[in-house]
Amino acid sequence: MEGNGTENPCSRTLGWLHQNNDAKPWLWKFSGCFSLPEQTLPLSSQTKEYMENKKAAVELKDIPSPLHVGSKFFPAVPLPDIHSLQQPKVQLSAIPKVSCCAHCPNEPSTSPMPFGGGSGSSGRSGSLIHTGSLLDSPSTGTVTCQVGSDFAFQSVSSLQNASARNNLVGLASDLPSMCVDSNLPSCKHLSCCGKFHFQSCRSNVHKLHQFQTLQGCTSAGYFPCSDFPSEAPGHLEEHLSHSELTPHLCTNSLHLNVAPPVCLKGSLYCEDCLNKPARNSIIDAAKIWPNIPPPSTQPAPRAVPLCNRCGTKGMEKETSLLATSLGKAASKFGSPEVAVTGQVLETLPPIGVFWDIENCSVPSGRSATTVVQRIREKFFRGHREAEFICVCDISKENKEVIQELNNCQVTVAHINATAKNAADDKLRQSLRRFANTHTAPATVVLVSTDVNFALELSDLRHRHGFHIILVHKNQASEALLHHANQLIRFEEFISDLPPRLPLKIPCHTLLYVYNLPANKDGKSISNRLRRLSDNCGGKVLSITGCSAILRFINQDSAERAQKRMENEDVFGNRIIVSFTPKHRECFEAKSSNAVVDKAKSPKKVKNTKLCLIKDTGEQSPSAKAMPGKGLQANSGSATKNTNFKGLQELCRMEPKSGNRIRDHQQGHGSLATLPNSGPTASVPTLKNTGVRETLHRSSQKKENLSSQSIASSPAQKKKREGTVFQISYPSAFSQLIASRQVSPLFSSQSWSPRSMSPNLLNTASPLAFNIANPSSAADCSDPFANGVDIQVSNVDYRLSRKELQQLLQEAFSKHGQVKSVELSPHTDYQLKAIVQMRNLHDAICAVNSLHRYKIGSKKILVSLSTGAANKSLSLLSTETMSILQDAPACCLPLFKFIDIYEKKYGHKLNVSDLYKLTDMIAIREQGNGRLVCLLPSNQARQSPLGSSQSHDGSSTNCSPVLFEELEYHESVCKQHCSNKDFSELVFDPDSYKVPFVVLSLKVFAPQVHSLLQTHEGTVPLLSFPDCYAAEFGDLEITQDRDKGVPLEHFITCIPGVNIATAQNGVKVVKWIHNKPPPPNTDPWLLRSKSPVRNPQLIQFSREVIDLLKNQPSCILPISNFIPLYHHHFGKQCRVSDYGYSKLIELLEAVPHVLQILGMGSKRLLTLTHRAQVKRFTQDLLKLLKSQASKQVIVSDFSQAYHWCFSKDWDVTEYGVCDLIDIISEIPDTTICLSQQDDDMVICIRKRERTQDEIERTKQFSKDVVDLLRHQPHFRMPFNKFIPSYHHHFGRQCKLAYYGFTKLLELLEAIPEILQVLECGEEKILTLTEVERFKALAAQFVKLLRSQKGNCLMMTDLFTEYAKTFGYTFRLQDYDVSSVSALTQKLCHVVKVADMESGKQIQLITRKSLRPLTVQLLVVLMSWEGDAYLPVDELKRHYETTHSTPLNPCEYGFMTLTELLKSLPSLVEVFMNDKAEECVKLTSLYLFAKNVRSLLHTYHYQQIFLHEFAMAYTKYVGETLQPKTYGYSSVEELLGAIPQVVWIKGHGHKRIVVLKNDMKNRLSSFDLSPVNHEDQPAVSRQILEVPEPHLASELHLRTGPSQMEQELLQLANSSPVDLLCAPVPSCLPSPQLRPDPVILQPTDLIQFEEHPQEPLGVLFLNQEEKTEIPIPVKKGNLSCNSSPSSPASASAPPKPSSEAPGLLISKDAVESPAKKQPKNRVKLAANFSFAPVTKL
């Protein structure tokens, strides 16, 4: 059959009842099944996918006669009236024949069984075969058979004889794998319909979707609905849920009272079959069959029906089956065909579906099959499907979606996604073809929202007269919607889609290659085989001798490879390829290699399965075993309404099935295979029951789990080898169940999981393990039998509990039945819910659909709970063992065990589960209660973590109650107790008083360890003072409780020592680990660790600390706890809210913060030493931070403490008697201790932060402002900062990034932004007052801008504020009492105007900040003084220069500093040493300052861009590096200062032009500092540009007697010759040019009035001061004393209006590339100075 069709990927060959003559006794091939290979039934070429052929109707003339095929298939079977079977192929109008009728004989001895031989769509009923003849049929070849039987049982009436029924049942059990596919790929029918549809598979029967059959036709592989023997129906019912028992029809005419048959589509039915009701219930026909009007066509003439078996003629009267009589029989896939009297009605109007799946896509993880089904069910009523096409790029679309569409017979057209509108063009083409092919009336369904289809829809509707149905999304265009007759929203159409299940799970298949050359090396052969099998995905596993094993990903690939490789040449040898090994050694090698491969790649094993063939050993001729195989999990798109069944359901089903199997085997000597009971896995055949023998053998041979066999019981010694299966689970939930259900499979055999071999516990894959004994599996309970718990977190706590429960109930009820909804109490804003659903399938659907579903204002997080209800016994045994191993004598009272268990693991314990652990624990009755004891075989500790040798923790250390190792302990020490007559019966616990001591912990600690050493590690607390007195003298016990520390608490302050409670209630002082701690152990490792608790207990522990720290000495009587709690917190302490019934239980639940002292009713409550140390550390850090020097001397500690906390210092408040005792407990990473003048100094340990960390902290301060501005009232709890920061910015707040180790330290590093307020234990973060007003101003601007006219009535302020920002406005947050006072503080933002209707708040009109920015830049760039300028000085210079006051409020800022801080890219604001606010230019604008000065030396203040770099280098004295400023080129750098320059032009003609606003030159006298001596040095500090040292100075002296002539005087202060010295930058160039005649307007009157005034000043000095005797009378004479260094180069002042032509511009002296106007400073030859550039 391999050439006739393809098989299912999970199929495999089956062994048959007769073996080949040349086969080994242990090997079974698939030979002998049929007579001749050429007589096999021809297969379709497309049997892999049952829906690949879209044609709904098939000509019967193309199909061979069913009886003819049956006769060819089984020639040895004698048939009556054989002449009636030899007839030509039937035509469409011919009457098909009924299989048999009541007139046919039924002999009990040779009960014939109707065997489906073909497709029911052609009206065939199958052939009749006898059991004996079938078994005796010879075979000559190997035939691959497919799973899914087409056989049918006879009716009960014809099987009255018991033997006949037994024979039939045995044959039915032995032949589960016989199936012959027909040539019709669309649907395959049997003569008699039934309930189970079996997919083609090789060894296992997989239940697929129960297809709703056509009228009178049933899908292939269905059992008869009513004709099961007495045992078979019940056997099959065990594996079906009630929902899967759908109504069905039967076509069998084997009833005794034969009525006229009724024909539908070529099949004949008797009245009994039609009138018989369904097995379970009658379904309303109106709900089953679509309401399609009956066609008006006339049925074709019919002949008299004739029985296919005996030739008896029936009646001529025929009855047509209509919708009202048969019920719904529409196909799930493909077009609903309405067939009456064998003819397909072609008169129905056509319908075409055109789906733009890229526009209206299938939701992620949802089933495309359901979408197609809904389209067909909604629109195809009364129509015939003519077209169903979707267009997409299949390489971009989900492969599973494409596969589902192919399975649904949808045409998937591929287009290139990169081409523009390719999908739309293809769909428009399909629409036009549809219009050309079909005529009205016709219907077009377009699934798209694209407006491009509007033209086509309009044409189809108005020109062709088609009915247009548009399935669109919400955002569809009106132009598109206008052209449709019917509109349907796509969102509603795809609502509640079920999740898409995986189509198939790949299974690895092995292929064996023989006849390989022996003289070649393995690598060459491997390469050759790999080349032959590469196209099929083969992998060479091993090469042994002349054979090799190849692995393929599925069966199809292996079959293709077999065809390609068969008889191929491999180095001169013709190889033979087979699915079965030839020798036993080959099989063993294959199994070992498979195990190795799985061990190497466990991840691959999780997703795939290896189909292994297991050796069956020698067996008797009467009992032949078929090769075993791993379970095949198959869940495809056709699966619907199936329940997820885990391993436990399979285990529960196995005992009944196994017993029936064994009965059939013993009665008939055949092997039975069970039909699958679930969509995910099959039930394997289990014949062996010896679990202990299996485990014993596995421990001896160390066999791997996947290849070991299970021994049989003594009654079945001859059937020694069985089948061991691997079970693979399709989902992670099932894997979770499986991993926890291994142990219960063996619990009933009294087998301890501790004795399991390591190979069993640590296999390569957690999914593979043995199912040992079916009978033992009967005790396994379904973990989800009582419902499935779903945990819902991130629930909106602002909603009421009732509203939340209702919303959750409504949301989850859409996905299945909800059993209960439970909410956790409101505590610490951590509200969670537990929703219990009916089954696992509904729970999985709910988790997939509702995860991150928004309820209220939050998106809930949904996950499947794995709580106590789903815990397996194996996990319970581990937890029980860990508790009992740490208990005294490995025993605990039952009530104490339950208490510890529930507190340790956080969930309830079912006591009945403990009785199931009979192999591990024993529960004994003792006295008035029960005792839980660990069996001796399990008392050894599992790991050193729980052993007495461990010093890093103990399980008892984390449990609320600590027990002594003995069940009973003496109340007092008999040796040292002063009261020799002490008796427990007489002792009254209420009379005990807790002693208070005054001791040093350094002295007391070694004494206690010594005392425990002499008392063998335990000292009763009652006699501790007596024992201590006997060893070291009397204790210093004080009667004043306010001056001492409780002895019981003081003992627990010693590292490694604790006080435990024995089971008789006696408190005992003991070592934590029952031995002295090592000398070098960290004390913190010896403290009790915080147990993992729920949020309620964490909140309660904080409240306990806050309550007790306000009590004297942190001690509180237990009787006063409730009233003080109520008084302190203003609420009741409800113990039930925390899950407890008694207060003492609640107090014991927080042992890491609360210690209970004493006994009886006079017990005292205090904080543990660990909590006290933590509390003292916080107080100490607060005290140190309050000091200016961040340190304090121990002698001044009391005074500093009083100043900081406003109360006297008392060391007993922290549970110790000496300060040094508790300081020594603080880690060195927190504080630093140093010695200073015989006194100890305590200081905070800090490290210097880098400059990068400081810059990051500045950025962090901006983030904090942004975060808190989004919080109500600009404040938030401290503990919410980190999650809020992460949520707001989408990144983690890493403290090390800013140079801190604690968040509080980081927040305290920005005191100008943030304040940390403490309200008891809770810390609140809020903005400072300045930042609050800034934030409020921004809110007011937003609020007023949203109002009409940018104004708001004052009376409406609070209402509009709450409406806009979601919380009320509080005046007290801003320290004001009225809105008017508030507006005065916000005068830079709002103003109050008196209107007729009242006072109105108006938004002021701000001035533009851009002109002011330019003006401030000019002032700063013209400043010739220090590198920075005080803010006040800047304001004064601005007002002096522009003669206008500078009011920041006009620009929307309260102060000038805030205004400058809003320009971070231009200036920097900082505090100098004098605590003055100063401002300076940024490094980028210092560069801009130099550019401005450079351009001022050029004519028209512009320069070519390509000359700029060289000119700048000459001018400044250093090379221009744009990368220094963070830019890659000069052009980008200049573009970063748009306020100063701009670039115009193109190409090489681009020029750099100074902005007009920057051309103004301010007076140097106004901006220069008074002291000019230090200016050059300071100027060099600004830009740090080294200036060349000039050895000579050139002075221009002008005096009263020298006014008419100019004298150049050279003053040489260096011995070096002037010519050898560097040329000064201001020295005139030797190039001489005549002055151009330039007429300039001059004031001649002013010129004649002062003829002898100096007209210019020339500076030739760079470093030393210049002598400038200038009489300043009228006007401002430029005194540019700054050198032309890059740091201080500034523009000369603007010429005075009185004498514009008298002043020398700097251009005339320093311009390097332009002709100068006529200079007022003349030399002898009347030549002007040439351009001079700086060196």
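Note that Cβ sites are derived from N, Cα and C of the backbone, with glycine treated the same way.
Between the listed ranges 111-133, 226-248, 617-639, 939-961, Swiss-Prot ties the annotation region 'Disordered' to 617-639. Across all of the domain 'HTH OST-type 3' (1096-1170), the predicted model scores a mean pLDDT of 88. For the domain 'HTH OST-type 6' (1332-1407), the DSSP counts in helix, strand and coil order read 40 helix, 15 strand, 21 coil.
Residue counts of the domain 'HTH OST-type 8' (1483-1557) by helix, strand and coil are 44 helix, 11 strand, 20 coil (DSSP-based). Here the domain 'NYN' (351-488) has, by DSSP, the following mix of helix, strand and coil residues: 53 helix, 34 strand, 51 coil. Mapped onto DSSP classes, the domain 'HTH OST-type 3' (1096-1170) shows 43 helix, 11 strand, 21 coil.
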